[in-house]
Ligand code: HEC
Ligand code: HEC
């Protein structure tokens, strides 16, 4: 009993604190959106994003492995504890539900092409059947359309390499411009 209580206290001292993350996120939400749902072009939504993915990206920005003139200086100011708390906070937010607030799909053929491209490239094998992501793999369902396209271009050009086995560079390299537009259009509307 005493041992169990000690172990629990130790774990919670080291655990991420989403409440502290909310306070720390005050400087983030001006760009990433009040509820983590971005309304700014080329700025990704973070609500419901995978906790580990958020943490890794902040570590990549901080180390210079991922470069961005806006995010790099911000990440350089963050401690490991800040990064854990921020990951826990944004992951706890409800992802955007674009099926309710979005204008009707004006390009149904592009949606259909995106659906086919997703199946052909087996995107779901890593991102999950609902594209909600998992661990170091990003949520891509409901992400901003132009940001998905930008990310795919960044992997394709090598501007962004991603973590681990660089899975995305290999996947994005053969994609055509048309496929990128179709994938972004389809995934953003999920
Ligand atoms: C001035 C606007 C701005 C502020 C403030 C800002 N960000 Fe960002 N953030 C961006 C932009 C723009 C990108 C996209 C970078 C790119 O295209 O590679 C980004 C990317 C990210 C990503 C990568 C997400 C992904 O899907 O790839 C994370 C994680 C992130 N920001 C977290 C934060 C956190 C945490 C804070 C606060 C400590 C913060 N940002 C503050 C603009 C901002
Ligand atoms: C082999 C596993 C794998 C497959 C298959 C895969 N992905 Fe990924 N994807 C990842 C990982 C891992 C990351 C995070 C990489 C990083 O750290 O930048 C990622 C990141 C992304 C991002 C960046 C998200 C963000 O918020 O920055 C997009 C967009 C994306 N993938 C789209 C796709 C699409 C579209 C497909 C199918 C054409 C696909 N992925 C197939 C593993 C995969």
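Positions of Cβ are set from backbone N, Cα and C atoms, glycine also.
Predicted automatically and left uncurated, TrEMBL annotations should be read as such.
The domain 'Cytochrome c' annotation in TrEMBL covers 14-94, 109-190. The annotation heme c 1 binding site is assigned in TrEMBL to 28, 31, 32, 71. Annotation source TrEMBL lists region 'Disordered' at 94-113. The compositional bias 'Basic and acidic residues' annotation in TrEMBL covers 95-104. Sequence annotations record features per position, and here TrEMBL assigns heme c 2 binding site to 123, 126, 127, 168.
Shown on the structure are the features that TrEMBL records.
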residue : record                : Cβ neighbours (10 Å)
28      : heme c 1 binding site : 16
31      : heme c 1 binding site : 15
32      : heme c 1 binding site : 20
71      : heme c 1 binding site : 17
123     : heme c 2 binding site : 18
126     : heme c 2 binding site : 17
127     : heme c 2 binding site : 20
168     : heme c 2 binding site : 21
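Of the chain residues outside the heme c 1 site list 28, 31, 32, 71, 29, 30, 43, 46, 70, 74 have their Cβ within 8 Å of the site's Cβ mean position. Each residue in the domain 'Cytochrome c' (109-190) gets a DSSP state, and the totals come to 47 helix, 2 strand, 33 coil. Across the domain 'Cytochrome c' (14-94), DSSP classifies residues as 47 helix, 0 strand, 34 coil. Filtering 123, 127, 168 by Cβ distance to ligand 1 (under 6 A) retains none of these binding-site residues. Excluding the listed site residues 123, 126, 127, 168, the same chain places 124, 125, 137, 138, 140, 167, 171 with Cβ atoms within 8 Å of the centre of the heme c 2 site Cβ atoms.
Residues 123, 126, 127, 168 are listed as the heme c 2 binders, and the farthest two of them sit 11 Å apart at their Cα atoms. Spanning the residues 28, 31, 32, 71 that the record associates with binding heme c 1, the maximal Cα-Cα distance equals 11 Å. For ligand 2, the nearby binding-site residues are 123, 126, 168; that is, of 28, 31, 32, 123, 126, 168, these have a C-beta under 6 Å from one of its atoms.
Ranked by Cα separation from residue 31 (heme c 1 binding site), the binding-site residues 123, 126, 127 are led by 127.
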